[in-house]
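*Asks:* Residues or ranges marked as substrate binding site in Swiss-Prot: Ser45, Thr66, Tyr258. Residues or ranges marked as NAD(+) binding site in Swiss-Prot: Asp146, Thr175, Asp232, Gly257. Among the features that Swiss-Prot reports, active site is placed at Arg208, Glu237. Positions annotated as active site, proton donor by Swiss-Prot: His254.
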Amino acid sequence: MKILVDENMPYARELFSRLGEVKAVPGRPIPVAQLADADALMVRSVTKVNESLLAGKPIKFVGTATAGTDHVDEAWLKQAGIGFSAAPGCNAIAVVEYVFSSLLMLAERDGFSLHERTVGIVGVGNVGRRLQARLEALGIKTLLCDPPRADRGDEGDFRSLDELVQHADILTFHTPLFKDGPYKTLHLADEKLIRSLKPGAILINACRGAVVDNTALLTCLNEGQKLSVVLDVWEGEPELNVELLKKVDIGTPHIAGYTLEGKARGTTQVFEAYSKFIGHEQHVALDTLLPAPEFGRITLHGLLDQPTLKRLVHLVYDVRRDDAPLRKVAGIPGEFDKLRKNYLERREWSSLYVICDDASAASLLCKLGFNAVHHPAR
């Protein structure tokens, strides 16, 4: 049994070698010749999986170690009798922590408290729900918009997008990319929406590049609209609008979900799905794969305020480390993908062990996802 895996999927060789012969290959472009005798294909979002790639090939199963699936033609796979699995929620925590790192940086730079801001969350799936929970744990007001969930009657106080635009100081997008249909998200943030944002608002896109109309956004910024922008995703990736990058406050190369934990979850989820597909079901404990974190433990004295939270968050991950490298190589062919391929190891907040002498600080840090304990000062 031959299994092709994206060369940037951590732990893929280690896990899939339990099931057969493993060949690691580039994801963009994928070497088509390798598909001629392969039984399974494990990809990331950079690989377009469709009829033109797989027609006439012996592939029986496709797995994507990503939450999103807009790069996969699921309907064609089903029609062709090819098994499929994604990894929903695998990088949700990573994306939430990316958003927090960005917001805390902007709050420090511009001198505002997040408690004074209302956050509008567009898309309330695995990422949106977790973001809502962590923001509300801090006492930050949130507004939710998710028309598909609202129409299904899912639990939640869902508002219209117009309401979020009118009332939110921060608007952050966490939707799939739907190019048509009743829940179309292509250019959901169009020129009209962008121009309607509150003066000084913050716009964040960490889902799919085309959810925000990049051309319209650049036009508004060039005209002097007072707006802070965080973009992790771009229309036309791996190409991007260099002029837009110059205008945004934070720009990164589609790495919001790139924690070691998130990547490992993606790999293990598709590994477990494929092992079940072939009748050799196996389960993997994530902590048996992950290395020890860089920081063993730290001690926190007193209450948890915003500056202290910012220091803790940026101790684990400061978004500026990914902004600067992209600006240096923007516009150079191949460099966007190279940054992603050679991405420095990044951990989640849970890797940081925090000893607190204040019980409320320990409790709040646990709600936020840190590994915190209370030890009263002696």
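The backbone N, Cα and C atoms fix where each Cβ goes, glycine too.
I'm curious about the neighbourhood of these features; can you describe it?
*Replies:* Cβ neighbour count for Thr66 (substrate binding site): 25 (other Cβ atoms within 10 Å of its Cβ, all protein chains included). Classification of Thr66 (substrate binding site) by DSSP places it in coil, neither helical nor stranded.
Around Gly257 (NAD(+) binding site), taking its Cβ as the centre, 26 other Cβ atoms fall within 10 Å, counting all chains.
Of all Cβ atoms in the protein chains displayed, 25 besides its own lie within 10 Å of the Cβ of Arg208 (active site).
A C-beta separation below 8 Å, combined with a sequence spacing of at least six in one chain, links Glu237 (active site) to Gly209, His254, Phe336.
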*Asks:* Taking 10 A as the limit, how many CB atoms besides its own sit near the CB of Asp146 (NAD(+) binding site)?
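*Replies:* By my count, 23.
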*Asks:* Looking at the binding-site residues listed here (Asp146, Thr175, Gly257), whose Cα lies nearest to that of Ser45 (substrate binding site)?
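*Replies:* Nearest listed residue in space: Gly257.
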*Asks:* May I have the list of same-chain residues other than Ser45, Thr66, Tyr258 whose Cβ is within 8 Å of the Cβ centroid of the recorded substrate site, in sequence order?
*Replies:* Arg44, Val46, Ala65, Ala67, Gly68, Asn91, His254, Gly257, Gly266
*Asks:* Given Asp232 (NAD(+) binding site) and Arg208 (active site), what distance in Å do their CA atoms have, once rounded to a whole number?
*Replies:* 9
